[in-house]
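All remarks here apply to the structure that follows.
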Amino acid sequence: MTDHTFDLVVLGGGSGGYAAALRAAELGSSVAIIEADLLGGTCLHRGCVPTKALLHTAEVAETVRRAGTVGVEATLGGIDAAAARAWRTKLIDGKHRGLSSLVAARGITVVTGRGVLADADGRPAVAVGEDRWIGTDVVLATGAVPRTVPGVEFGGRILDSTAALALDETPGRVVVLGGGVIGVEFASAWRTLGAEVTIVEALDGLIQNEDPSSSAALEKALRRRGIALELGARVAGATENGEGVTVSIEREEVTSHIEADYLLVAVGRSPATGELGLDTLGIDTQRGFVATDDTLRTTGAHVWAVGDIVAGPQLAHRGFRHGAFVAETIAGLSPSPLDDALFPRVTYSTPEIASVGLTEPQAIAAHGSGRVVVQEVPLSSNAKTEIVSAGSTARSGFVKVVALDGGPVIGVHLVGERVGELITEGQLAVAWEAHPADIAPLVHAHPSQSEALGEAFLALAGSPLHTM
Ligand code: NAD
């Protein structure tokens with residue numbers, strides 16, 4: 001057995017883990033990352049990056065379809081799903097090389113192998129085979145894995161999101177189980193690429209952690225785009241025979257069946273905490289997630305946890321922040337406290353949904369209905385929106401700002417094409433506790449979609465320009 005000693009040992013090289021490693025190295029620590037697969041983790045190889053690339057392929061196809069509306073003669077010859085996948089692979093390989101170079105340039109040691117926690121005479125360590133990587137501190141950053149429901153097993157034509165991204169074809173008919181972010185993004189991309197799509201969701205609406213106005217607008221838009229929604233329905237089971245899948249759906253005790261080429265299961269992701277040896281270091285879990293205090297310290301001495309294994313929104317950028325936060329805390333700095341409500345959330349469907357802060361019902365629950373004011377501005381009257389969405393069958397969407405009466409902005413909710421890029425302004429407003437009157441005089445560029453946000457702030461400040 002060989003022991004290797006570092007200031008920080010990070011288990012998992014995804015968004016949370018590599019961010020912790022980079023920041024710790026920048027702050028002068030010696031750092032090792034233990035990674036079973038590839039640096040970059042789910043987000044780079046199987047999540048955020050390839051799904052956004054798939055959605056971009058769909059967007060380009062849609063742009064060609066709509067070209068005639070804006071006077072460009074173009075015909076969509078077809079979709080080459082294998083070529084689209086090859087492009088995604090090349091893109092990911094390039095980003096992986098860039099990340100690996102950055103990690104090497106910071107002097108970080110990367111160990112390829114599956115690690116388990118070990119106790120090195122009172123110090124936390126990660127064992128890989130016969131070697132032990134001992135840290136003054138250890139960061140757990142092992143992420144999350146797709147889960148399924150009883151009666152539905154992954155394999156063959158029953159896909160998790162990783163298998164869905166590996167397809168070299170666009171499904172002709174597909175059932176998507178789960179109307180959360182993953183389900184909606186795949187449904188949106190595949191529909192644009194020509195598939196017949198049905199989303200089956202147990203709750204009464206899609207993306208239920210978003211503001212009800214955003215969920216309702218998304219449902220309407222997806223229906224108009226020809227996506228079938230089976231809401232308030234559960235998948236009771238699915239069988240596949242190599243050529244197709246039969247999906248059994250239950251609603252109010254009535255069972256029906258849908259035939260499809262594939263079933264995508266997107267009912268959430270479970271924290272990857274099994275087989276890590278958490279007990280060895282006295283690390284507690286709650287509902288499978290690693291239990292931490294507000295500074296991401298676990299119950300194990302000098303062991304921290306970041307990203308999707310910590311209960312809360314599973315977002316790559318939350319992982320980045322967690323990683324940097326822990327590295328700074330270990331270095332004795334005092335980073336700003338973490339607040340899950342301040343991470344921007346974007347669902348990259350058509351239309352996009354973006355939000356930050358509290359939804360209207362959350363604001364009312366927290367502050368009482370008498371104190372909450374809301375301003376909605378439709379994007380239909382926004383010139384830039386009309387230009388970029390020319391030929392679209394979806395409605396143009398809206399911006400919605402939630403504020404306290406005479407007080408700060410506490411939530412921003414956006415629906416529409418490309419609105420994900422606008423949410424940063426909402427994030428600054430909510431995080432800096434800006435009052436609408438602080439932002440109202442800051443005129444927004446014309447023509448831009450951000451003008452709709454400017455208009456909402458103007459209206460809340462009592463000086464609307466275009467709204468009534
Ligand atoms: P999710 O929790 O967002 O949605 C899962 C949905 O499945 C829920 O609406 C749930 O009600 C439904 N469901 C569960 N069991 C069901 C059943 N038996 N029958 C029918 N419906 C059922 O999970 P997800 O979409 O798998 O995403 C996993 C995580 O990854 C989320 O935290 C998500 O935010 C994150 N993610 C984020 C992005 C992004 O930020 N753009 C993209 C992809 C994934």
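From the backbone N, Cα and C atoms, a Cβ is placed for every residue, glycine too.
Going by what TrEMBL states, the NAD(+) site holds GLY178, GLY179, GLY180, VAL181, ILE182, GLY183, VAL184, GLU185, GLU201, and the candidate of GLY107, GLY268, GLY274, GLY277 recorded there is GLY268. Cβ neighbour density within 10 Å is lowest for CYS48 among the recorded positions CYS43, CYS48, ILE182, VAL184.
Comparing C-alpha positions, GLY115 (FAD binding site) sits nearest to CYS43 among the recorded positions CYS43, CYS48, GLY180, ILE182. Sequence-distant neighbours of GLY180 (NAD(+) binding site) (same chain, 6+ apart, CB under 8 A from its CB) are LEU206, ILE207, GLN208, ALA266, VAL267, GLY268. The FAD site in the record is lined by LYS52, GLY115, ASP308, and its two most distant CA atoms lie 30 Å apart.
Candidate binding-site residues: GLY115, GLY178. Fewest other C-beta atoms within 10 angstroms, GLY178. Its Cβ placed at the centre, GLU201 (NAD(+) binding site) has 26 other Cβ atoms within 10 Å. Among the recorded positions listed here, namely GLY178, VAL184, HIS446, VAL184 has its C-alpha nearest to that of CYS48 (disulfide bond).
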